[in-house]
Amino acid sequence: MFELSSSPSNTPPLPSSPSSYLCLYFSMEPKLHLFFSALCFYLVSAYGNTLRTYIVQLHPHGVTSCLFPTKFLWHLSFLDQTLSSEEDSSSRLLYSYGSAMEGFAALLTETEIELLRGLPDVVAVRPDQLLQLQTTYSYKFLGLSSTTDGAWVKSGFGRGTIIGVLDTGVWPESPSFADQGMPPVPKRWKGMCQEGQNFKATSCNRKLIGARFFIKGHHVSSVPPSENMVDEYISPRDSSGHGTHTSSTAGGVSVPMASVLGNGAGVARGMAPGAHIAVYKVCWFNGCYSSDILAAIDVAIVDGVDVLSLSLGGFPLPLFDDSIAIGSFRAVEHGISVICAAGNNGPIQSSVANIAPWIATIGASTVDRKFPAIVRMGNGEYVYGESLFPGKSLPIAEKELELVYVTGGNSGSEFCFRGSLPKEKVKGKMVVCDRGVNGRAEKGVAVKEAGGAAMILANTEINLEEDSVDAHVLPATEIGYAEAVRLKTYMDTTSHPRARIVFGGTVIGTSRAPEVAQFSARGPNLYDSTILKPDVIAPGVNIIAAWPQNLGPTGLPEDTRRVNFTVMSGTSMACPHVSGIAALIHSAHPGWTPAAIKSAIMTSADASDHRGKPIMDGSKPAAVFAVGAGHVNPNRAIDPGLIYDIKPDEYVSHLCTLGYTRSEIFTITHRNVSCSEKLKMNRGFSLNYPSISVAFKHGVKSKMITRRLTNVGNPNSVYSVQVKPPEGVKVRVKPRRLIFKHINQSLNYRIWVISRKKTQTKKISYAEGQLTWMNAHNSFHRVRSPISVTWK
């Protein structure tokens, strides 16, 4: 199953007020028209129930457009159908758009908006917002810029590279997949745009160059979907949003004025906005079947993709039982980089999935963007929370309400299951819901259905301080576990507890980041102690990216709002960040192998946060089993100086060192090998992996490891080694200096890892350090490898 943590949000209509009737009555008096028009405007504005500017987005190939001679008249027709017959619709129209987007801006009331949303060809209706020139946002957090000599400029924004995304499909009409300014489809491309339900061959373009769907495994194995699920498209079209989100994160084009209901506003861009995207729909309403995944990888290899992005997985498996590991080995043999999500089963030890050494395994981190929605309790104290509900522009959303937390019985009311909340207890109140079991946004639907006016989503001891936000369907905020304890203590010690939520919009740069996401799966590697996993971490918390235009921002059927972008969290979101960065490196260095690209990403990763302090994992510095080589840094990865390259045959030798049988190795690699002969020819073999992982079994005191570095920087480069040994370990490196006379020259070095741990000392299960090759003349080139040591 793919990892997914989604979003939520909805603006309830404001209640009508007596002033609206007053304005209506006095507007009938001609002599007082001007005076009372002004009075009407003031009174209705005061109650928040007046005309507002809305941007109405239409389908660019709308079925009703052919009925009108011009786009302007087509746009005007939507107002003609919405307003009263006496009113001149052109007086409400502010702009008619045809280039930046298809649609218009107009003055409308809440009632008119509801009518407008029900018309054919209306894709989305959004209130006008005061925007700041920030972003949605992770590419800026990673230092990508079109104005500096970094990864975007050096790679031509990923131009010419093809990213294949295996996921839930794609919504091709999303502005993130527009092809204006894109180069022609590469001549080597052999893929297709497969037609199906609501998906035509013309749905593809120069950005989205291919789309296919694979359903046979799902079809024969799955049960019918439940009634409350969104209808599935039997085509490459995305019905859940996950694939659209990940695809646009990897390679979406620039989209100005992107936001989620006004939050996180800025320019949306994928990591490789110049790359082409090919989508392979392998995931359906109940998950992703390995038969479908393998079929997609099989086709993608023939199609000619350069990068495969798989935001899916489960718990770790032996490689011979792992279809993704098996399929991806063939892809790597064909020169395709395979990037996979590490999984969302953190912080459980050894939960990291997709552990094959030829796969780049990606954990999740935070960014320094927050969406504060602070709870002000009745005693005057504050509890910090976050939310994407657009409450900042809605005074009614910040109204003080009575607090209620419904517990007792077996209905699951503390988790706010649908149907579990007695209306007489929650109507008009702010309901506290414990996180867990059912979806976060679904809890808000349950509260709203029971008549609740607002919600506080309280983390439990399982989730601690994790802050995945949602665009909820009612005023709501999520609070961490420590804050939840404070809130519930206040409620328990107060006869009539009350609270209000103060929505703070979007705040950037005030918090430490990156930090490890609590849900991000952790090492050590369950089946191979010599390979450290995950490989790196990348932004995966509260990521804003493209969204299907037939879904609300929560993805729930009950959410009638429509947006072009929404927020999601998970290693599913971290994975396409690195897929896009791999595409940038491939564009800049088209001759590099998948192992070289992966090495560049790993050895250039950051070990510290943006303040120069250790990356944190909750309240403690993050261990290598959480971050791998560190946090991805694309501007350094594009120019790593040195790389650790690996040929496919070396992976086979590595499998032999793990004790895999001939049949197991054949299952994975389709190579019939004799391990005894292979290891005899490669005595002392160790895989040339960019990280270093050693496991001492009982009685073993030292291990020798070999590595091979290839110069991809400048000729006549000199590197010296710096070692920070793990606690209880001595590390010797020979030679300590590497002199590269020309580009693509390879030099070997050896590492002796010697355990100094004595049986009398305190028990240590693992320790970590690092080894860095420093360029003597260029401080930019620092080739760092984490060292992990485990005592079994």
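Placed from the backbone N, Cα and C atoms, the Cβ positions cover glycine too.
These features come from TrEMBL:
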ACT_SITE  ASP167  active site, charge relay system
ACT_SITE  HIS242  active site, charge relay system
ACT_SITE  SER572  active site, charge relay system
DOMAIN    53-134  domain 'Inhibitor I9'
DOMAIN    158-611  domain 'Peptidase S8/S53'
DOMAIN    401-486  domain 'PA'
DOMAIN    687-789  domain 'Subtilisin-like protease fibronectin type-III'
*Let me know how many other Cβ atoms fall within 10 Å of the Cβ of HIS242 (active site, charge relay system).*
26
_Cα distance (Å, whole number) from ASP167 (active site, charge relay system) to SER572 (active site, charge relay system)_ = 10
*For the domain 'PA' (401-486), jot down how many residues DSSP puts in helix, in strand and in coil.*
23 helix, 21 strand, 42 coil
_Cα separation, ASP167 (active site, charge relay system) to HIS242 (active site, charge relay system) (Å, whole number)_ = 7
*If you count Cβ atoms within 10 Å of the Cβ of ASP167 (active site, charge relay system), leaving out that atom itself, what do you get?*
29
*Could you give the mean pLDDT over the domain 'PA' (401-486), rounded to a whole number?*
91
*Let me know how many other Cβ atoms fall within 10 Å of the Cβ of SER572 (active site, charge relay system).*
31
*Which numbers of helix, strand and coil residues does DSSP report for the domain 'Subtilisin-like protease fibronectin type-III' (687-789)?*
0 helix, 61 strand, 42 coil
